[in-house]
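Chemist: There's a structure below that I have some questions on.
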Amino acid sequence: MNYILNLIPQYGYILVYALLTVELMGVPFLPGEILMVYCGFLVFKGKLNFILLFISATFGVISGLTSSYLIGNKLGSTFFYKHGSKFHFGPDKIEKVSNLLNKYGLALIVFICFIPGLKHVIGYFSGMSSMNFKKYAIGGYLGAGFWSLTFLCIGDALGSNWSQFHKYLLKYLVTGAILITVLILLFYIIKIYRKKIFEFITKIILFLANVFKSLESLRIFVLITTIVCIVCIDAFINIVQGLLNNNFALFNEITYYLIEKIFIRYPIFSSIFKFLNILTSDFMYILIPLLLIMFILYKSTLKSVEIKYLILTVCGGFFIKFILNYIVNILSSNIEILRNLLDGRCFTVIIIYGFTGYILIKHINNNIVKKAIVIIFLVISCATGLTNLFFKNDLSSVLAGYSLGAVWLTLNIILLEVTNVIPNLKKNEKEIFE
């Protein structure tokens with residue numbers, strides 16, 4: 001690896017292009033992340049040009065993605081159409097995978113370069129399953145530019161501290177990429193099998209209703225289970241942060257350093273982040289739920305139920321944040337790491353904007369609008385976290401805020417859907433309990 005890195009100052013842009021092309025074709029001589037961070041370091045030293053590196057890296061990734069797609073399309077599909085049934089992957093399975101990729105694959109492919117391992121095979125798999133090349137190219141090429149720019153900026157920002165931080169930084173990036181992969185796969189599994197999952201949940205509800213002999217008792221049980229789950233998850237966060245104290249200290253130190261080098265030295269970002277703070281102001285926390293209530297009253301057939309769960313989600317979230325802050329204030333004098341346990345802004349943004357997005361998507365039929373809502377929610381969430389990092393919050397507390405907010409949001413959505421099912425069960429309540 002060091003031998004290849006030593007060749008980069010001499011052969012520069014051509015070597016970067018070649019290495020990234022073959023890596024995206026599944027032959028990684030050198031991890032692309034290490035290569036690009038090192039190239040960013042060379043930009044900092046003045047040995048290479050940032051723009052030319054960005055162009056060569058982006059086109060290298062594009063060439064690799066395109067070549068692997070064409071190879072997979074020409075060879076892979078023919079092989080599996082002829083012999084795939086022997087491996088339980090015949091024409092019917094290929095057609096199903098192709099439909100899934102054409103329907104859901106664009107968002108995944110945009111971020112595929114950030115996922116180690118998967119980025120080396122996605123081109124072959126997309127070509128083999130005859131995914132629409134236009135969608136593949138749009139996602140892949142946008143992702144190529146975003147990936148190249150990200151790691152070049154990181155390497156440039158690390159500067160003279162490259163040798164000190166890059167190993168730890170890459171470890172965190174790989175860990176983050178794995179977590180993101182798991183979340184993406186989980187999202188698609190739920191999206192694809194949501195009907196079966198719903199049927200399974202309904203069976204569980206029927207079983208629990210029979211056990212508790214009363215639908216009202218079942219509601220109380222579900223609510224208590226939710227509260228216990230929140231308490232357990234909070235305890236888990238405390239334990240993990242306590243065990244990983246040293247790792248998080250370095251994690252936060254690297255984050256502070258990168259934020260300072262990338263954003264703080266440019267005054268314009270200060271104005272941008274101050275503007276983004278409006279999204280997490282008390283005014284928005286009041287305005288968004290009020291607007292959502294008006295939307296529910298206009299659009300929903302389950303007005304009272306959805307408004308109740310909106311109030312539960314928002315007020316319950318503020319109550320959880322208050323309790324956690326109270327506990328932290330008591331314990332932080334003895335346990336320093338608890339002082340910045342949870343970023344309240346990230347937690348609140350997830351539950352308020354997340355629940356709002358869910359209700360909007362539930363009642364809007366236009367798929368383009370639905371996708372726009374998801375993108376807006378992700379942008380607001382990421383902007384909030386980045387803003388808090390800019391104003392010196394710990395990355396560990398930002399992630400904890402995202403995590404706990406996502407858990408509270410998910411549990412309330414599940415409760416909402418369960419409550420929507422219960423009226424249907426009441427019609428047959430006598431049959432259930434006899």
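Using N, Cα and C of the backbone, Cβ positions are placed for all residues, glycine too.
Since this is a predicted model, take the numbers as computed values, not measurements.
Residues annotated as domain 'VTT' in TrEMBL: 30-156. Positions annotated as transmembrane segment by TrEMBL: 12-38, 50-71, 104-126, 138-158, 170-190, 220-240, 275-297, 309-328, 340-361, 373-391, 397-418.
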Chemist: Under 8 Å, at least three CB pairs between the transmembrane segment (309-328) and the transmembrane segment (104-126) (pairs 6 or more apart)?
Modeler: no
Chemist: Restricting to the domain 'VTT' (30-156), what is the model's mean pLDDT?
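Modeler: The predicted confidence over the domain 'VTT' (30-156), as a mean pLDDT, is 77.
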Chemist: Take a look at 50-71, 104-126, 275-297, 373-391, 397-418 and tell me which one has the most Cβ pairs under 8 Å to the transmembrane segment (340-361).
Modeler: 397-418
Chemist: Among 50-71, 373-391, 397-418, point out the range having the most Cβ pairs under 8 angstroms from the transmembrane segment (275-297).
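Modeler: Stretch with maximum Cβ contacts: 373-391.
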Chemist: So if I exclude everything within five residues of the ends of the transmembrane segment (50-71), which remaining residues of that chain have a CB under 8 angstroms from its CBs? That is, six or more out.
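Modeler: Apart from its flanks, the transmembrane segment (50-71) reaches 12-14, 16-26, 32, 36, 39, 42-43, 113, 121-124, 126-127, 133, 136-137, 140-141, 143-145, 147-149, 152, 156.
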Chemist: Residues of the same chain, at least six outside the transmembrane segment (373-391), with any C-beta under 8 angstroms of its C-beta?
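Modeler: Cβ under 8 Å, 6 or more out: 255, 259, 263-264, 269-270, 273, 276-277, 279-280, 343, 345-346, 349-350, 353-354, 357, 360-361, 364, 398, 401-402.
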